[in-house]
Amino acid sequence: MFVDFLRSLFRLRKTNVSILLLLTYLTVGLIYFYDHEHYKHVTPEQSRFKDAPQLVEDAWLNLQNITYSYHPYFSRDNNRVHDYLLNKIEAIAQRSVHVSVSDDASNNRSVLLRNSFVDGGAVYFESSNIVVKIEGKNTDLPGLLLSAHYDGVPTSHGATDDGKGVVSLLGILDHYSRHQPERTLVFNFNNNEEFGLLGAVAFMEHPWSKLVHYVINLEGTGIGGKAVLFRTSDVSTAKIYQNAVKSNPFGNSLFQQGFYEGGVGSETDYRIYESNGLRGFDIAFYKPRDLYHTTKDSVQYTSREALWHMFHTAWQLTEYIAREPIDNDDDFTPAVFFDVAGLFFFSTSSKTLFKWCCVILVVLPVIAFNFDVISFSQKRSSYNQRHRWGVSIRLPLSFASSLLLLRFTERLLSSHNTFILSRGHLTPLIALATEFILSNYLILSFFEYLLPTRDFKTTALRQVAILTWIVLFVCTMKLYKSEYKYTGIYGIVILYSFVSLAGIIGLFGRVLKGNISRESTDNKGDSSRPYGSHGVDEEQQRSGTSAIEESAGNLEDSNNEGPLDVSTTNNSEHIDAEERAPLLGSNPPSVADQPGITNTLKIKAVSVVNYDWSLQFLIAVPITTFIVFGCVDLGLDALKQTIQEGAVATVHVWNLVFLGGILLTLPVLPFAYKFNYLTAMSFLVAFATTLSLCFLQSPFTEGAPLKVRFSQEININNGTDAIVNVYGRKGGFLQPMLQDLPSVKQMSKDVWCQDELNGMERCLYVGYQPNPLDSQRPVSTEDIFSLKVVSNDKNDHDRSRYAPINAELEINVRENRGCTLWFKNQHLDRPPVRQLTVRHSDNTSDLIKSSQGFTQLQLHKLDFDQQKYRVGIQWLPKILLMDGQEDEDNDQLDMQVTCYWGEYDSESLVNGQHLRKLPAFDELLQYSPLNVSYANRDRGLLTITQSIEL
């Protein structure tokens, strides 16, 4: 009974293959569920930090207070958050002599410098960073910077971006104020990250920036979940993370590659720190992106568990760096890293990975080729060349046909319900993966029915290995050409290595069986009889048939891939002496009973090798499926909602789904013809269900909404109408929604839409007039914004026509913190503006020059009561810029000035009435469908623009 059980358990038969496959998918699914849920059950009480429970409760309370209202840099509530943090920090500092506080706002710190994000740009910024230093016991050690920004965008409460980072830093500051670290810690609670990373820029001008060498930057580009290690400087810092974060590590160099390639549109303060020579870690929440920068980035939509994950990760890192000695033998090569279900974290040098890729790309094919040569030489005398080609072309034909079908389905899906990915990526991914595997199953099973064969799986594994070898070769070349920054290829390395190894095991089995078969033939002479089989599956054979009843002469043919002999012998049923043979036979005969065999152990060796299929499956399928699914899932989870940001991203993400469906099923294809009926039906049901959902479900829900962007603009040159601009993806979503607004219907307003670049659309209509400030009379545009040319020597007769032209512009604005000046360069190859001066109320000024010229100047000030900017502009006459072509009457400078207001969720007292600051935006929020969310289009929700000539 037990022997029969073992025989049935280890045969290559449909039931066994199907069970192993379903167990693989079940295991991957359970690990996936564990990975996404386990962090919620790791409580502060389980931490090695004794004060963690209280600090987390304090952090949650601080988060609630910080996110009480919208607090972008361009709002008065930004000052409230600054003052709240400063009071908390000063209270902590008073308890320790090791803590020092520097408030940029109190110290009137400002910078005027080139804008690295804008070609020809300059930026003036008045900082209100709060910088804190905890003096370490050993001041000779390079310090650690911890950074987070406390500003938000006008449409977001900023709970995740970046409230959780800020309150995590407060908690860590509180802890180390009472437990002095070995290494000096510097905290940068910075302001105005959202519009230029300016808080980080200002910090690099602070004296304490010279104390730090490492940085931990906390950020949020989603609203919850786990905080991921987006990127790290090099393999040395990746090893620090690996050694430090033992509880729930979460990081993947796929994200890092996305940043290197520009696939991620957002940037963080980490970029500024890294460009200034700091090494460290960029840790952030990354999903869901359609709630990022919207009103749902609030405490209501996040959790203590998410806060604790970021807090705990940053704390573990800080503890390790602050307390432990760090090896000075630094490796600055980019790192390849990933975690395994939050249990383990792996990291290595991308240069090391490149070397391993080179070895793998050479060694594994050479080994496989040698086994191929040996196997071919063993069977060439009886080899059926025609049948070999019949076996060899099965998978390529099946793969190509299924690929075309899959591409057709993907195109049909992406055209019929383009944005279904925004709702969720798993449904389309499962639909395409199950379709691909079903198609291959049907085609390969049909081939097997027409012409049964032995050991197709090894041939197929070799072909899959060749395909993945090509992919790995291309990725390896990209890794080298990118200076080892192509750090997301580890999944392809694992896929090729394991599939290739499984194929080599099959080839080794062929060779071993071929050697024993040849010895058997030599000993037996001509006494061997032909091998017979009906080519049926093991489920159709009876256990009463003994393995050794197949005489040793049958082994002659066991090495062949030729067609099964369907002629019957005296025994009407035979067990394959190949991969379908039983592991143990009933009542095995003695050696004397087998005149052609001199060693019974050889028969048992062949029997064991006949079960190499299980080893091949376990090597080729479970691990590769888990790793590849993890890579595809992470990539799609991060990028799926970028399809709302442009047509290019849409194509890229759908291609990723297409490739993901193929990569997930590649290791299974060699075994697909061995699926049983129930497994095939399970795939069919999964395919039909997920495909139907993809076609029938709405792409947008309240939890996964359509994300559109809002701004209201008054262009003084075109009149005083306040034009509402709503930006979103083209697809007929915006215009019907806007036409249903009460103000549009009641006043018979026109809503006109126009195509923008990259598949976007902009719809406009005349909205309610804004009320950005208090006034005792109705507010006009001139009360809010006006321009005055204080001086201009362009037409001064004392100025040589070759001399630079100087002018001074006064921008009068109320309740304002930011403006931008654009200098237009019509008919010129080079920007004419070469010098900019920002004058202050105390008669001091900041000046910046450039021989390359300026195209833009951003102005950021702190004082709402300061109602004007004064800017000096110097530009060259066109006679110096047009290769000697004189144009004396055309030396004016064309420029445009735009100023921003970021508040909407409050009222202004106008002419004795309480009026909402931005009623047009209120109306959109009130009457838009629940499956629509709003983010800001510009720096402010309200912009006023005027173009002038100097």
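Backbone N, Cα and C define each Cβ position, glycine as well.
Annotated in Swiss-Prot:
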type	residues	note
TOPO_DOM	1-14	topological domain 'Cytoplasmic'
TRANSMEM	15-35	transmembrane segment
TOPO_DOM	36-355	topological domain 'Vacuolar'
CARBOHYD	N65	N-linked glycosylation site
CARBOHYD	N108	N-linked glycosylation site
BINDING	H149, D161, E219	Zn(2+) 1 binding site
BINDING	D161, E194, H293	Zn(2+) 2 binding site
SITE	Y292	site 'Transition state stabilizer'
TRANSMEM	356-376	transmembrane segment
TOPO_DOM	377-386	topological domain 'Cytoplasmic'
TRANSMEM	387-409	transmembrane segment
TOPO_DOM	410-426	topological domain 'Vacuolar'
TRANSMEM	427-447	transmembrane segment
TOPO_DOM	448-459	topological domain 'Cytoplasmic'
TRANSMEM	460-480	transmembrane segment
TOPO_DOM	481-487	topological domain 'Vacuolar'
TRANSMEM	488-508	transmembrane segment
TOPO_DOM	509-614	topological domain 'Cytoplasmic'
REGION	519-570	region 'Disordered'
COMPBIAS	556-570	compositional bias 'Polar residues'
TRANSMEM	615-635	transmembrane segment
TOPO_DOM	636-652	topological domain 'Vacuolar'
TRANSMEM	653-673	transmembrane segment
TRANSMEM	675-695	transmembrane segment
TOPO_DOM	696-950	topological domain 'Vacuolar'
CARBOHYD	N718	N-linked glycosylation site
CARBOHYD	N843	N-linked glycosylation site
CARBOHYD	N931	N-linked glycosylation site
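Taking residue pairs at least 6 apart in sequence, the transmembrane segment (356-376) and the transmembrane segment (460-480) share three or more C-beta contacts under 8 angstroms.
For the recorded positions N108, Y292, H293, N718, a Cα-Cα cutoff of 10 angstroms around H149 (Zn(2+) 1 binding site) retains nothing.
Computed over the topological domain 'Vacuolar' (410-426), the whole-number mean pLDDT of the model equals 94. The highest tally of CB pairs under 8 A with the transmembrane segment (427-447), across 15-35, 615-635, 653-673, is held by 653-673. Between the transmembrane segment (488-508) and the stretches 15-35, 356-376, 615-635, 653-673, the greatest number of Cβ pairs separated by less than 8 Å involves 615-635. For the transmembrane segment (387-409), the partner stretch with the highest count of Cβ pairs under 8 angstroms, out of 15-35, 356-376, 615-635, 653-673, 675-695, is 653-673. With DSSP states grouped into helix (H, G, I), strand (E, B) and coil, the topological domain 'Cytoplasmic' (448-459) comes out at 7 helix, 0 strand, 5 coil. Two recorded stretches are said to be in contact when at least 3 C-beta pairs lie under 8 angstroms, sequence spacing 6 or more; the transmembrane segment (675-695) and the transmembrane segment (356-376) fall short of this definition.
Note on proximity: among D161, E194, E219, H293, the binding-site residues of the record, the Cα nearest N843 (N-linked glycosylation site) is that of E194. You'll find the Cα of N718 (N-linked glycosylation site) roughly 40 Å from the Cα of E219 (Zn(2+) 1 binding site). Taken residue by residue with DSSP, H293 (Zn(2+) 2 binding site) is part of neither helix nor strand, so it is coil.
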